[in-house]
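Look at TrEMBL and you will find CYS261 tagged as active site, nucleophile. The NAD(+) binding site annotation in TrEMBL covers ASP30, LYS35, THR86, THR121, GLU156, LYS264, ARG329. Per TrEMBL, the feature substrate binding site maps to PHE153, LEU154, ARG155, GLU156, LYS205, PHE250, LEU251, ASN252, ALA253, GLY254, GLY258, LYS322. Look at TrEMBL and you will find 315-418 tagged as domain 'UDP-glucose/GDP-mannose dehydrogenase C-terminal'.
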Amino acid sequence: MKLCVIGTGYVGLVGAAIFSDWGNDVVGVDIDTEKIDRIKKGEMPIYEPGLSEIVLRNISQNRLTFTTSIADGIKDAEIVFICVGTPQSDTGAADLSAVWEVAKDIGKNMNGYKVIVTKSTVPVGTNEKVKMIIRENLPGPQIEFDVASNPEFLREGSSVEDMAAPDRTVVGSDSEKAHAVMRRLYEHLNTPIVECDLRSAEMIKYASNGFLAAKISFINEIAQICERAGADVTVVARGMGLDKRVGSAFLNAGIGYGGSCFPKDVAALYKTSTDQDYDFKLLRSVMEVNVAQRENFMNKVLRHFGKNLAGRTFAILGLAFKGNTDDIRDSVSIEIVKKLRGLGAKLRVYDPEAMYNAKQALGAVNVEYCLDKYETMQGADALFVLTEWKEFATVELDKVKTLLKSPVIFDGRNLLDRAKVEEMGFTYFAVGKRTNGMVKIDTRNLYQTVLLNTNGSTGQH
Ligand code: UGA
């Protein structure tokens, strides 16, 4: 099939790569000339395992080309995918200005029947407006088209495999002709295709992200109780997850969810609920718990070191919002680094892929960028594990002990083996378990939340 993919971010570039790998002719479009030049040369603008090989292979077989012109991109396409960003606006709702711009350009350049498919995450009702904008901008009234919603469920870091072998494909449209076109693209996958109306497809995306975020906040609250009651949240999650109805995924307690999707999509879904005169109480709590989770983590640090961190140096492992990505958007790790710095600490930081992005976000003041995980630890007062990179789980503890000034570890992702860490004499803090560090510190009022405002000063509530 002949396809056009507009937007070459995580969704668009991975989508274009996999569609072409399936044997389709794909044109990728982006307004960013520099980005398009880089991709053409085989330089990926994002870190995504396996992506560059697939892009290069399909460029060399002439199935995948790139342009900055929407007119050129859509000329021969049967399906046009909209994959542009929908960041969070000031109101919490998704900012759809890029979607409207692209819809206008598509409309102006239509030259025959096409299915216009939105892959960007957009609130319920958006595709109907996309249809209206395209219709208003058509060069002639006789040109036919349909719209469809085909949300993506890609996880950054695993998006190539998620795109190539999804659990399910969701296609919403009010046109049987459009459904038939989309079926031709996806039916070879042999995975369920949920065919539905536009609004239900739009809701499926938000409901899925909202539910996964709720699972994380649920286990994070269980972690709070485990810490107080002396249970171990990792064991509890394993025991729960083996029940197929519960499922083991997204039950890792930690410092809370971040990234470019969950925080904004949960907020946008909540906004949709209030727009519909409904207060989505559960989702409101999901967001509150997520913020409380990082405060609880910071609380442990402050209880151990006191509220003035001047003169302290901390080793930070992990800056990306999760493992296997260079993305630091809404990264809880970056937030924690900023809070520690705000309280006077110096940070020695390392991430396998996110160093460049972190430098842009954190600058140079009181942050030293290290070449590997061990370099961060030289002379540090404590080690912080903040992102779930596999290579942090296998850190050599005897080496860590010789490098740190004092053997203290704050593990925000429960990555390390508690028994080994404690056996080696570290003072260990994890999430959702009463480790030796938790016992050592003054537990009176331990759980009183310490609010850290943006300039890093503390206040109790
Ligand atoms: C998420 C969804 O998983 C994808 O299905 C969806 O397509 C994507 O958003 C999107 O809307 O585009 P992603 O943001 O890449 O994908 O990351 P996740 O793997 O879902 O992780 C999100 C956050 O939750 C990370 O900060 C991660 O560290 C945290 N997390 C995840 C936990 O704290 N515990 C868990 O058990 C799982």
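Note that Cβ sites are derived from N, Cα and C of the backbone, with glycine treated the same way.
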Using CB atoms and a 10 A radius, I'd like the single residue among the binding-site residues LYS35, ARG155 with the highest neighbour count.
LYS35
Here the Cα-Cα span from GLY258 (substrate binding site) to ARG329 (NAD(+) binding site), rounded to a whole number of angstrom, reaches 8
Give the subset of the recorded positions LYS35, THR86, PHE153, ARG155, GLU156, CYS261 lying near ligand 1, defined as CB under 6 A from any of its atoms.
PHE153, ARG155, GLU156, CYS261
Compute all pairwise C-alpha distances among PHE153, LEU154, ARG155, GLU156, LYS205, PHE250, LEU251, ASN252, ALA253, GLY254, GLY258, LYS322, the residues listed as binding substrate, and give the largest one in whole angstrom.
24
Taking the residues the record says bind NAD(+) (ASP30, LYS35, THR86, THR121, GLU156, LYS264, ARG329), how far apart in Å are the two Cα atoms that sit farthest from each other?
25
Given the binding-site residues ASP30, THR86, THR121, GLU156, state which is nearest to LYS205 (substrate binding site) when distance is taken between Cα atoms.
THR121
Which whole-number value in Å describes the distance between the Cα atoms of PHE153 (substrate binding site) and THR121 (NAD(+) binding site)?
10
Any idea which of the binding-site residues LYS205, LYS264, ARG329 has the thinnest Cβ neighbourhood at 10 Å?
ARG329
Spatially, and counting Cα to Cα, which of the recorded positions is closest to THR121 (NAD(+) binding site)? Options: ARG155, LEU251, ALA253, CYS261.
CYS261
Among ARG155, LEU251, ALA253, these being the binding-site residues, pick the one whose CA is nearest to that of LYS264 (NAD(+) binding site).
ARG155
Taking helix as H, G and I and strand as E and B in DSSP, count the residues of the domain 'UDP-glucose/GDP-mannose dehydrogenase C-terminal' (315-418) in helix, strand and coil.
36 helix, 19 strand, 49 coil
Would you pick out, from the binding-site residues ASP30, THR86, LEU251, ALA253, GLY258, the residue whose Cβ has the largest number of other Cβ atoms within 10 Å?
ALA253
Students should find that the Cβ of GLU156 (NAD(+) binding site) has, within 10 Å, a number of other Cβ atoms equal to 24
